[in-house]
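Note sheet for the following structure.
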Amino acid sequence: MALDRPDLRARARAEREARTQLQARRVRRTVLRRDGMRSEVAGSDGSTRWLLNFCGNDYLGLASHFQVSGALQDAAALHGVGSGGSHLVSGHHALHDALEREIADWLQLPAALLFGSGFAANLAVVQGLLGEGDACVQDRLNHASLIDAARLAGCRLRRYPHADAQGALRQLRTLPEGAAMLATDGVFSMDGDIAPLRELAIVARVQQALLYVDDAHGIGVVGPDGRGSVVEARLDVEAVPLQLVTLGKALGGCGAVLAGDADLIGHLAETARPYVYTTALPPAVAGAALTAVRIARHEHWRRERLTALVQRFRARALRLGLDLMPSQTPIQPLRCGDNATALAMSAALDAAGFWVAAIRPPTVPDGQARLRVTLSAAHGDADVDALVDALATARDACADAARRTRP
Ligand SMILES: Cc1ncc(COP(=O)(O)O)c(C=O)c1O
């Protein structure tokens, strides 16, 4: 019988065409140089321009801190570029160890394990602990890596309405057999709100489920000494046996560290495929992260500055009637609704010298496109004031344009 398989190039073309129709195409913008929060960005016509970045995750301004880049250079001079192997063969370095110890000490947790990325760490936790017959119950707005992790683990995945601990309880009750994990973002990446961790901890305890908190956007920013959402919720390692610290957001570098219960971490270090079968991060990257963690732990003024900027942004934006979401973190999304409005707002801001990317489905639910504004301790008061004014001008211009085109 002649085969008649779908042509994958034709399928990709059709999907691209569908994304074009929905104004859901995604493009990369190339950064040529950075200077604090300003980036020189290449245009599609070969031109370049400087934009003030309000959509990154460098919340504490550590991504280009001179001590952090100095630590990277010094460690690269001493130890070279690559780790040369996976952790369990020959790639595990003293700087990896030192970073794990520093984070365990910061969070006052028994153990920590370094990964190449937060995405890989999430795959490792769920796949390393759950299998067929087990259950993973997740917030509907969890990061894509957690959703994919459950799919890859082959366990049953159930999602509950956003931040709804009762919903989590209902879902866990429907799956009484097998081991269970309750997984949530600490700070939600596209909304900026914080999970109801104390209520979720009670649900997890009652249902004998392991509570896992992905605190990618909480660490360094939320809680005393920036120790994250779990400490802010006054939960210990009994309540939250594992949590994820990413190094690529407030800590300004790249990679991630799982922290928590020593037995679980030890198990994952020997068995989790995304840990075992990959090259260890360059030791110099770990050295840079070690310096960044020390700065994040001790320079409280960075968090105080960030808090002041968040309040300044919200007060001014609300005064001008901007449609903010209820977030107290540096993630301050502005609702736009449809993709076209989000793109038009983003383009108007770009023309005014601000870089605020339009976030559209499937990253956020259908009809909830937004501008995900993010603030950093490295922004100035005047930067924030100018951004809010530009947002209000862009909103008014988009509303005028919509009125003009209405039949
Ligand atoms: C909530 C959350 N978890 C995990 C990740 C993945 O982390 P990484 O960028 O280190 O792979 C991200 C980053 O986009 C995130 O926002």
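Backbone N, Cα and C atoms are what each Cβ position is placed from, and that goes for glycine too.
Please treat TrEMBL annotations as automatic predictions, because they have not gone through curation.
Among the candidates H79, H87, H162, H217, the one that TrEMBL lists alongside G118, F119, S189, T246 as binding pyridoxal 5'-phosphate is H217. Binding site for substrate per TrEMBL: H143, T363, plus R26 from the candidate set R25, R26, R28. Per the record's binding annotation for pyridoxal 5'-phosphate, residues G118, F119, S189, H217, T246 show a top Cα-Cα distance of 13 Å. For the domain 'Aminotransferase class I/classII large' (52-391), the model gives a mean pLDDT of 97. For ligand 1, the nearby binding-site residues are F119, H143, S189, T246; that is, of F119, H143, S189, T246, T363, these have a C-beta under 6 Å from one of its atoms.
Cα to Cα, F119 (pyridoxal 5'-phosphate binding site) and T363 (substrate binding site) are separated by 15 Å. Restricting the binding-site residues R26, H143, T363 to those with a CA within 10 Å of the CA of K249 (N6-(pyridoxal phosphate)lysine) leaves an empty set. Summary for the binding-site residues S189, T246, T363: the Cβ-based neighbour count within 10 Å is maximal at T246.
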